[in-house]
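**Q** Copied straight from TrEMBL:
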{"type": "BINDING", "residues": "64-68, 129-135, Asp158, Ala258, Gly313, His364, Asp431", "note": "(6S)-NADPHX binding site"}
{"type": "BINDING", "residues": "Asn65, Asp125, Ser161", "note": "K(+) binding site"}
{"type": "BINDING", "residues": "Lys401, Gly402, Ser403, Gly404, Ser405, Gly430", "note": "AMP binding site"}
{"type": "DOMAIN", "residues": "18-218", "note": "domain 'YjeF N-terminal'"}
{"type": "DOMAIN", "residues": "223-484", "note": "domain 'YjeF C-terminal'"}
Amino acid sequence: MQRISTHTRAPLWGKAGTRRIEAQASASLPPHTLMRRAGLGIARLAMALAPHARHIWVACGPGNNGGDGFEAAVQLQACGFHTTVSWRGDATALPSDARAALTRLHAAGLSCTPEAPSHWDLAIDALLGLGSRRPPDGHLADWLQRMHAADAPLLSVDLPSGLDADTGVGTGPVLVSRAPRHCLSLLSLKPGQFTADGRDRCGTLWLDDLGCAVDDASGSADAWLPGFAPDQPRLHATHKGSYGDVAVLGGAPGMVGAPILAATAALHAGAGRVFVGLLDPAAAAWDATAPELMFRPHHTLPQHGQALVCGCGGGEALAAMLPALLDHAGPLVLDADALNALAGQDALQKRLHQRASPAVLTPHPLEAARLLNCSTAQVQADRLAAARTLAERMNSVVLLKGSGSVIASPGAPALINPSGNARLASAGTGDVLAGFIGALLAQGLDPRSAAWRAAWRHGDLADRWPAHRPLTASALARAWPARA
Ligand SMILES: NC(=O)C1=CN([C@@H]2O[C@H](COP(=O)(O)OP(=O)(O)OC[C@H]3O[C@@H](n4cnc5c(N)ncnc54)[C@H](OP(=O)(O)O)[C@@H]3O)[C@@H](O)[C@H]2O)[C@H](O)CC1
Ligand SMILES: [K+]
């Protein structure tokens, strides 16, 4: 069993892929082995999470997820925990593995009750897993509501009930709670655990591969957790020219802060030199808080060899500049108003498509919806699919922001960034991310690596941010850790 962290590099499989893994694994094992292993894994984790629990509530559903719960209850009872198993249904309607587990439960002297207990020290949600097909209702919804409202820790089996393994879209009750939440994923990690509602619903994630470790030799994974890549050490005999130039274009009247944030972030993320071209003619041509930034007339940027970050607070004036920029700029990040200018403009999108080196696009869900000509809800309903479609359509690396940012690139597996938290939900943090990506492009990283490493670092900084210190974009822009 493995605790999943932001450093974990691992393949992610959705429903179909996990079912394939399960079928292959169970074909070579005696009947019911996987479910027994699942029960053992759940019980072990439950005991580790709540060693002093006196009363454990196992809520079981109508499929094999419920069967995992029955197996876990047998183990917990055997270890001396007072265990209540709540289950309603017809035993003959259970799938065969779950039916066998129910028989074992009865043989162990346990019986099921059709009601929830009044008190518990740890709840185990074994209501629905991969087979969840519609919002839980009736007694399933009632039991979920009780588990989420309680102060006791909650351990979800495989998936929090109602969470879609492919998309991370959650249905059914979930309340903001201070009680610890854990999820023990079985056989595989799933994309839906890391994006959309997945992070909130899962809490701390664990993986038990049930002794069937699968590699991804065939490249069939639906997405990947990228893992952690430290910054490259620097040679002593280098200079500012060794680490590339970034040019930042944006800053229409009233929005000058955005490019300054991106430029500051690029500087702190290690770019050798950073230039700024502001679109507001009345803006000051230097920034006393960041005297390293070099301000230039916007029409002179980017100069040859500079990585361009374009769009931050750019306003509508950017649209007229985009054709030339798309044709001639080298490494390129398009953010905010540059993305809005692209939306619905087939000619611009064609230019983007024809670029020799893919640009990095950093839409939030609303910007992605504009580019895809659909609603934000449709983007959020399947973030992986939306990012992949955009990446193919624009021949670009697309970093779809939000909880569990998705990084999709043409011809490469999609990545889901696991770092970050809701403290990043404040103005300007997107500009900082664009600046980080620009700095990594300037230092020679390919667009996909620059995008995921920047997203990972951006999230990791937020994860490590001191609780008592406000997380503002300008502080974040200066927080890239010093190289060893
Ligand atoms: N088989 C094994 O060896 C192992 C299985 N594992 C665990 O199994 C689940 C997947 O099991 P599955 O039976 O396919 O699916 P579920 O348990 O999630 O539920 C399916 C049943 O639930 C009904 N359903 C679906 N949605 C709802 C809802 N909202 N309300 C009520 N009922 C619902 C569904 O009924 P349908 O009418 O829709 O067909 C099914 O009856 C997996 O997640 C693991 O936990 C382990 O991997 C170990 C090995
Ligand atoms: K569950």
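Every residue, even glycine, has its Cβ placed from backbone N, Cα and C.
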**Q** What is the nearest of the binding-site residues Asp125, Ser161, Ser405 to Gly67 ((6S)-NADPHX binding site), using the Cα of each?
**A** Asp125
**Q** Other than its own, how many Cβ atoms are within 10 Å of the Cβ belonging to Asp158 ((6S)-NADPHX binding site)?
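**A** I count 28 other Cβ atoms within 10 Å of it.
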**Q** Near Gly402 (AMP binding site), meaning Cα within 10 Å, which of Asn65, Leu130, Ser161, His364 (binding-site residues)?
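**A** Of everything listed, what lies within 10 Å of Gly402 (AMP binding site) (Cα to Cα) is His364.
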**Q** Given the model, what does the mean pLDDT over the domain 'YjeF C-terminal' (223-484) come out as?
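**A** On average, pLDDT over the domain 'YjeF C-terminal' (223-484) sits at 96.
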**Q** What does DSSP assign Asp125 (K(+) binding site), in three states?
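**A** The residue in question, Asp125 (K(+) binding site), is strand (DSSP, three-state).
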**Q** Identify all same-chain residues not among Asn65, Asp125, Ser161 whose C-beta atom falls within 8 angstroms of the centroid of the K(+) site's C-beta atoms; report them in sequence order.
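**A** Other same-chain residues near the K(+) site: Ala59, Gly61, Gly66, Gly69, Ala126, Leu127, Leu128, Gly129, Ser132, Leu144, Ser156, Val157, Asp158, Leu159, Pro160, Gly162.
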**Q** Around the recorded AMP site, report the further residues of that chain (criterion: Cβ within 8 Å of the mean position of the Cβ atoms of Lys401, Gly402, Ser403, Gly404, Ser405, Gly430; site residues excluded), sequence-ordered.
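**A** The answer, listed by sequence position, is His364, Leu400, Val406, Asn417, Gly420.
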**Q** I need the least crowded one of these binding-site residues (Gly67, Gly402, Gly404, Gly430), counting other C-beta atoms within 10 angstroms of each C-beta.
**A** Gly402
**Q** Listed binding-site residues are Arg133, Ser161, Ser403; which sit with C-beta under 6 angstroms of ligand 1?
**A** Arg133
**Q** Among the binding-site residues listed here, Asn64, Asn65, Ser161, Ser403, Ser405, whose Cβ has the fewest other Cβ atoms inside 10 Å?
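**A** Checked Asn64, Asn65, Ser161, Ser403, Ser405; of these binding-site residues, fewest Cβ neighbours within 10 Å: Ser403.
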**Q** Rounded to a whole angstrom, what is the C-alpha distance between Ser403 (AMP binding site) and Asp158 ((6S)-NADPHX binding site)?
**A** 20
**Q** DSSP secondary structure for Gly402 (AMP binding site), reduced to helix/strand/coil, please.
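**A** Coil, per DSSP.
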**Q** Among the binding-site residues Asn64, Asp158, His364, which ones place their C-alpha within 10 angstroms of the C-alpha of Asp125 (K(+) binding site)?
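**A** Those close enough are Asp158.
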**Q** Could you tell me which of the binding-site residues Asn64, Arg133, Ser161, Ser403 have their C-beta within a distance under 6 angstroms of some atom of ligand 2?
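**A** Once distances to ligand 2 are taken from each Cβ, Ser161 fall under 6 Å.
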**Q** Out of the binding-site residues listed (Asn64, Asn65, Leu130, Arg133, Asp158, Ser161), which are within 10 Å of Lys401 (AMP binding site), Cα to Cα?
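**A** Cα filter at 10 Å returns nothing.
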